[in-house]
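Scroll down for the structure; my scribbles are underneath it.
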Amino acid sequence: MSALIEVENLTRVFDVSKPWLNRVIERLPKALLTAVSDVSFGIEENSVYALVGESGSGKSTIGKIIVGLVPPSSGKVEIDGVDLATEPEGARRAAVRENVQMIFQDPYASLNPRWKVRDIIAEPVSARGGDTEGLAERLLEQVGLSAQDAGKYPHEFSGGQRQRICIARALASNPRIIVCDEPTSALDVSVQSQVLNLMSDLREELGLTYLFISHDLTVVRHMADKVGVLYLGTLVEEAPRDTLYADPKHPYTQMLFEAAPRMDAFGRDIDPPKGEIPDAINPPPGCAFHPRCPIAVDRCRKERPRLREVGKTRVACHLAE
Amino acid sequence: MAETDMPSDAPIRPPSRIKRAWESDLAWSFRHTPVAMISAFVVTLLVLAALLAPLIAPHNPFDPATLNLMNGFTPPGEANAFTGDSFLMGTDDQGRDVFSTILYGMRISLFVGFSAVLLALVIGVVLGLLAGYLGGWTETIIMRVADVQLTFPAILVAMLIFGIAKGITPPEYRDQMAIWVLILAIGLSDWVQFARVVRGATLVEKSREYVQAARLIGRSPFSIMIRHILPNVLNPVLVIATISLALAIIAEATLSFLGVGAPPTKPSLGTLIRIGQEFMFSGEWWILFFPALTLLALALSINLLGDWLRDALNPKLR
């Protein structure tokens, strides 16, 4: 069964050097930040794939590459067999574009404050010259707002309502795939669950496929079918949700679960995660996680582990079994 | 919140939306700032006086047939010794009524000021948007040109442009073209601050997610700049435009005072001041005084209005 989205050996390097003149005067080398390094995974139709990881792990960058906002440095993303970055035929690119939408993290920054909600929601259709008659009103009701809200401006809504508007906009072009970049992390908990439930309902109703980017393990457990764990731009572990939550193989995943707050262990003493995520400009040699890893051996410092299958899990660790 | 209940009229015109969106806050601030109200009153009065000059002015200073040289140097409010005519603000050496020349002069000053600011605004906003949104070499070139231009005093740049333009216009058209050359000179010397502010605001807006959402939809950079970013960077532009208007009027007056601006046949306030200063030490003070006072009132009130607008539109300063 071939996946709807196929990500192959995806790498993205950002040039974060100082301006040319400063480099010449201060004799600095070019600084290259590898945000995403050789990541491969596939997302099945009508499933939810979650990417989790700390800040700076490259999860948002992967999302942006998939929707075509950021071009990949190497590797490719195929959506329905079409690679947005290299596809020469404009019509096929446009067709894929229409099928992929995104919901952003900050509902306050993702709506143009000078536009009416009606125009914001209809934009994906109106930008292509499509018929938008009654579209915004219908979508607003679908996401649990009222049709009268179409004439208002974004500042008249709360964070949760704004995120509903963002969802409505994402649905406007009848997409098959929605990339959700931390859609609930700017919302408070009670509103989070409403928005998440709405997203689950919409998925069942419309047969959507989600790429769900988050750092919140509880949210991911609620939403995801399959989970990929990112560390410093590399995929360190990937497993079906239940497998991952029952039996995390990678020491980094184990550390994340340890650090996550748990209701049943309230007040327990836990070891806080050791160390910070390393500098992506000068990543450590070998396994990127070895400076923080409690079980690292010599081999980890020299050889970068490949993803290998252990049961239902794919894990990049020399020691996992 | 006032705009909530407004009926939605379909066409999207960013300026009117901004006006509506800010109307309530601005109106409140306006009512609570006496300086703003007084300045607005003065500006309105002067602009109306200039617009209605043909109706208000007792004489037409551009029509030599109505001039009587015998009326020259009549002091304000007094009857002329030879003709018995009396003038509110006196007359100049050629017997022109100073009050009328001020009204007509203000038309030229305001016209040049508005047009120059409009020109500067269009150039500055377009270049600022391009520099901020496209980045890279476009940005480097535009902003370096702006930096270089800023190292010269604006008036010097204006004089340079004026000189070049005058050199390439045929002599017989010079007087007619003088006004347009002035507008061009002042406009070109003033676009830099618009470009800088718009570039800065564009950089902020560009990184916001609604712009990414528009890119993702497949909108072209041009359409994003016009439809998404432009409406969101207009507030600072409005403030700068107001303050620039005062500066442009002063720049025009300066150029005219230096003799490189409006010709004596079509005098602006600056030309009037230049004519007036020739007679200042011989006792005919009114020829200088009234045009200068008008210029002061005009520039000061526009400036104060601009200051108030800046404070009112920027809640962070409150």
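Placed from the backbone N, Cα and C atoms, the Cβ positions cover glycine too.
Keep in mind that TrEMBL annotations are predicted by a computer and have not been checked by a curator.
Distant neighbours of the transmembrane segment (B:35-57): 29, 97, 99-100, 103-104, 106-107, 109-110, 294, 297-298, 300-302, 304-305, 308, 312; these residues of the same chain sit at least 6 beyond its ends, with a Cβ under 8 Å from one of its Cβ atoms. The transmembrane segment feature in TrEMBL is assigned to B:35-57 (among others).
Taken from TrEMBL, the feature domain 'ABC transmembrane type-1' applies to B:106-306.
Annotated transmembrane segment per TrEMBL: B:108-134 (among others), in sequence order.
With a threshold of 8 Å between CB atoms, the same-chain residues lying at least 6 positions outside the transmembrane segment (B:146-165) that come near it are 127, 177, 181-182, 184-186, 188-190, 192, 195-196, 247, 251, 254-255, 258, 260-261. The annotation transmembrane segment is assigned in TrEMBL to B:146-165 (among others).
As annotated by TrEMBL, transmembrane segment applies to B:177-198 (among others). Sequence-distant neighbours of the transmembrane segment (B:177-198) (same chain, 6+ residues past either end, Cβ-Cβ under 8 Å): 108, 111-113, 115-121, 123-125, 127-129, 131-132, 142-143, 146, 149-150, 154-155, 157-159, 161-162, 165-166, 169, 233, 236-237, 240-241, 244, 247-248, 251-252, 255-256, 261-263, 266.
Annotated transmembrane segment per TrEMBL: B:233-258 (among others), in sequence order.
Residues annotated as transmembrane segment in TrEMBL: B:285-309 (among others). Long-range contacts of the transmembrane segment (B:285-309) within the same chain: residues 29-30, 33, 35-36, 38-40, 42-43, 46, 75-76, 89-90, 92-93, 98-99, 101-102, 105-106, 109-110, 238-239, 242-243, 245-246, 249-250, 253, 269-270, 272-273, 275-277, 279, each at least 6 residues beyond the stretch ends and with a Cβ under 8 Å from a Cβ of the stretch.
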